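Shown next, in structure tokens, is the structure this report addresses.
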Amino acid sequence: MTGNKMVMTDLLKPEEIKKALDAFTAETFDPKKFFEMVGMKAMSAENVKKVFQVLDVDGSGFIEEEELKFVLKGFSKDGRDLTDAETKAFLTAADKDGDGKIGIDEFEALVHE
């Protein structure tokens, strides 16, 4: 047991995660569509921020480009790596202040956009 660090299945249903991951195995990853499919769009801002904290592997308060590539693994160990193009598109969609990484408020805004 790792302290009080939450895991994604504390927040989201495993079957919805699987369905969303399956939808993007061969298709270009679309973060907004993915977040909707896993049920995040319907979540409170507070819970979306908890998801962010699970994805923020190094605990920096940001999801950097390197972490973003592996973001689907944060949802499930079976998640695929994003391609460089997908990673860049995801970053561009979420990084409103242009600092090259996604902050917790930017993440929540993207989910609820």
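Residue positions begin at 1 at the first shown residue.
Note: Cβ is positioned from N, Cα and C throughout, glycine not excepted.
If you draw a 10 Å sphere around the CB of Ser60 (Ca(2+) 1 binding site), it holds 11 other CB atoms from the protein chains shown. According to TrEMBL, the Ca(2+) 1 binding site annotation covers Asp56, Asp58, Ser60, Phe62, Glu67, Asp99, Lys101, Glu106.
Here TrEMBL flags Asp95, Asp97 as Ca(2+) 2 binding site. Of all Cβ atoms in the protein chains displayed, 10 besides its own lie within 10 Å of the Cβ of Asp97 (Ca(2+) 2 binding site).
Sequence-remote contacts of a segment are chain residues at least 6 beyond its ends whose Cβ falls under 8 Å from one of its Cβ atoms, and for the domain 'EF-hand' (43-78) they are 5-8, 11-12, 14, 17-18, 20-21, 24, 29, 84, 87-88, 90-91, 100-104, 107-108, 111-112. The annotation domain 'EF-hand' is assigned in TrEMBL to 43-78 (among others).
Here TrEMBL flags 82-113 (among others) as domain 'EF-hand'.
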Rounded to a whole number of Å, the separation of the Cα atoms of Asp95 (Ca(2+) 2 binding site) and Glu106 (Ca(2+) 1 binding site) comes to 6
Neighbourhood of Lys101 (Ca(2+) 1 binding site) by C-beta distance under 8 A, where only residues 6 or more apart in the same chain count: Phe62, Ile63, Glu64, Glu65, Leu91, Asp95
Across every protein chain in view, the count of C-beta atoms other than its own within 10 A of the C-beta of Asp99 (Ca(2+) 1 binding site) is 11
Any same-chain residues 6+ apart from Asp56 (Ca(2+) 1 binding site) with CB under 8 Å of its CB? Would you list them in sequence order, or say none? Phe62, Ile63, Glu67, Ile104
